[in-house]
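Trainee: Sending over a structure as structure tokens; questions will come in a sec.
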Amino acid sequence: MPALPLDQLQITHKDPKTGQPKTSAALNPEQKADRYFVLYKPPPKDNIPALVEEYLERANFVANDLDWLLALPHDKFWCQVIFDETLQKCLDSYLHYVPRKFDEWVAPTPEVADMQNHLHRSVFLTFLRMSTHKESKDHFISPSAFGEILYNNFLFDIPKILDLCVLFGKGNSPLLQKMIGNIFTQQPSYYTDLDETIPTILQVFSNILQHCGLQGDGTSTTPQKLGERSPLTPSDMPLLELKDIVLYLCDTSTTLWAFLDIFPLACQTFQKHDFCYRLASFYEMAIPELESAIKKRRLEDSKLLGDMWQRLSHSKKKLMEVFHIILNQICLLPILESSCDNIQGFIEEFLQIFSSLLQEKRFLRDYDTFSPVAEDISLLQQASSALDETRTAYILQAVESAWEGVDRQKIKDIKDPPRAKGSNNEVTVTAEPVSEMPSQLENLEEDEECMGAAAALGPAVSGVELDSLISQVKDLLPDLGEGFILACLEHYSYDSEQVINNILEDRLAPELSQLDRGLERQVKPDPTPLLSSRHNIFQNDEFDVFSRDSVDLSRVHKGRRKEENVRSLVNDKQAVVAQWQRYQKYSVVVEEVPLQPGEYQADDYEDEYDDTYDGNQVGANDADSDDELISRRPFTIPQVLRTKMPGEVQEEEWDEEDEVEEEAPKPDHFIQDPAVLREKAEARRMAFLARKGYRPENSTAVTGGPRGHGQSRETTQERRKKEANKAARANHNRRTMADRKRSKGMIPS
């Protein structure tokens, strides 16, 4: 007889009241054991014995109850899970309060770390069994009833699934993928819940922007109250408030990435809400402001700011991965898996997503660094021959323009950490490293980002200050080497107190614990010593002892040479002989040129010929040929030296029509009457203007008659006209504008 599923199974048991056998459903509240599950509380941050003891006692109760629950048979387990509310509250409290791997928590004692790992494993196995509808061929639940049990009893919901992914995703990815996939497969209503949850996730981004003063309430039409303060920007808000925002962003981005990495089928639901564009817009507005705010506070608390910078870098990386997972799931993977006839829709979706992001310059740069856009477009070109080259070229050009003015340094992609492998019937659980130093964010951050954060927060300690820190540690722990102390100081941001405390409590980081404690300090050579970087006229010559090891000492002589005297030095013509070949090549020095009889050397200079006055046409000249006489310019007397001939006419400079003037009178060297000269000049000017057709205005009316005798009507009109038209005489229109102002009533009359 085949076994029945648990939801249809009937069991017979004795009625405690009547003692008679009674048949009831296997999933019955009466089958629930009377057991109270205590709530989980997070471990203490400080090593206070009372707090540690309280935590260990409570955690021990929770661990024992979960171990008892996991040991129950199939029907008893599901009765306890469905009908015991204290169990659900206990599991919810663990998901709510357990420290994440990016939280600021360090296990105060090894006992606390062991207990935390035990609880971590037990909670994961409990949820894993709750998500399995078939444990064996005899113990199973029908799929339809299983989905109803999960959904109607709130055993799983979207927030729980998100917490499960972020808490247990590392090292347990295959189990989580099977677990969450089974939940969504057996109960499709969870897709509807996820669709209703995504607006809340988008509201988280809006809340961060509003809290940073980067986005106002667009739905509000009422004006802001006078007494109401506008939100502070990240650069102005207190440091602890900025820290809370960074932690909130880190939690949100890590949770989203963990969920989509485990369950990528949810990407279609996310993209229904235009999630890619909303994510890129949030990234463009929030990330640069938060980075700038942290860099501006480099002098406040270097340790806290370094931790915040690492968390912000981690958030950036996870947001990039979220975008990449969605793009890869809804566009690229279907293109690779589909035939050529069905990929046009996916290609159009890819181009549409990037076309909406072209104005987000910072996001495009960071995503192009994380995953080059050109490679994705190259994949599209290989998959389809009908790809719109204009749109792809436009997208690539926009990505290149986003890099303008920025040093393009590619960062190596970080490989995913290895995941635990397990068979179908073998449960493999890797506990989270809750006891490790969270501020380092191990296995989360790339080395380049950490180094960039350290560089941005200020220069490293060096010189006398570094020697002082080393001596502080060495005075208390003299057996340690200076090299080991220096490595500890560099790891803990040059905090000598933290170094001493961690050494005494044996809580050093793993990379420091492996070092030799007697390691001596190594002197770092100067990268650019002066001797190797100098440059002068003796650089690399035969006597430069800094660039060569051996020098010919026979060429070096100190003092006066005794073998030679001044006469022998003067008679030494070796230098002249050495230059002879050079001058001979260029034919500069020629002593004698042999000539054959009858030859004439035209270049020779003849003393009998004197050409001193040839240029001035003075003296006896040789007879010239007819062609030379024709082509030569005739000699003329300069105009300044000429004497005016009686019949010659003179043209005035201002006569543009070349009209012939009357013959000028003979120059008179005596001084004439100035009044006569002025009259002649005025006559010449009037004659010139008359030829031009210029008619001067009659200004006699403006001049007027003598004072006290009155003015004529023409004089009064001309003066009024002159007063009104002063602007035409470069008076800048002051009178007209003054009248205009007065007519408008701006100036009292």
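A Cβ is built for glycine as well, from the same backbone N, Cα and C atoms used for every other residue.
So Swiss-Prot has the following annotated:
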REGION    1-26  region 'Disordered'
MOD_RES   THR233  phosphothreonine
DOMAIN    465-508  domain 'CUE'
REGION    606-675  region 'Disordered'
COMPBIAS  649-662  compositional bias 'Acidic residues'
COMPBIAS  663-675  compositional bias 'Basic and acidic residues'
REGION    689-749  region 'Disordered'
COMPBIAS  711-726  compositional bias 'Basic and acidic residues'
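Context for these features, please: burial, neighbours, distances.
Mentor: When other Cβ atoms within 10 Å of the Cβ of THR233 (phosphothreonine) are tallied across all protein chains shown, the result is 13.
Cβ atoms under 8 Å from those of the domain 'CUE' (465-508) belong to residues 106, 302-303, 306, 515-522 of the same chain, restricted to positions at least 6 beyond its ends.
In the compositional bias 'Basic and acidic residues' (711-726), helix, strand and coil residues by DSSP number 13 helix, 0 strand, 3 coil.
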Trainee: Can you name the far-off residues of the same chain, 6+ from the ends of the region 'Disordered' (1-26), with a Cβ under 8 Å from a Cβ of it?
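Mentor: Counting only partners 6 or more residues beyond its ends, the region 'Disordered' (1-26) has Cβ contacts under 8 Å with 74-75, 78-79, 137-142, 145-146, 149.
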Trainee: Can you tell me the three-state DSSP label for THR233 (phosphothreonine)?
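Mentor: Where THR233 (phosphothreonine) sits, the three-state DSSP reduction gives coil.
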Trainee: Reported in the order helix, strand, coil, what are the DSSP residue counts of the domain 'CUE' (465-508)?
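Mentor: Going by DSSP assignments, the domain 'CUE' (465-508) contains 31 helix, 0 strand, 13 coil.
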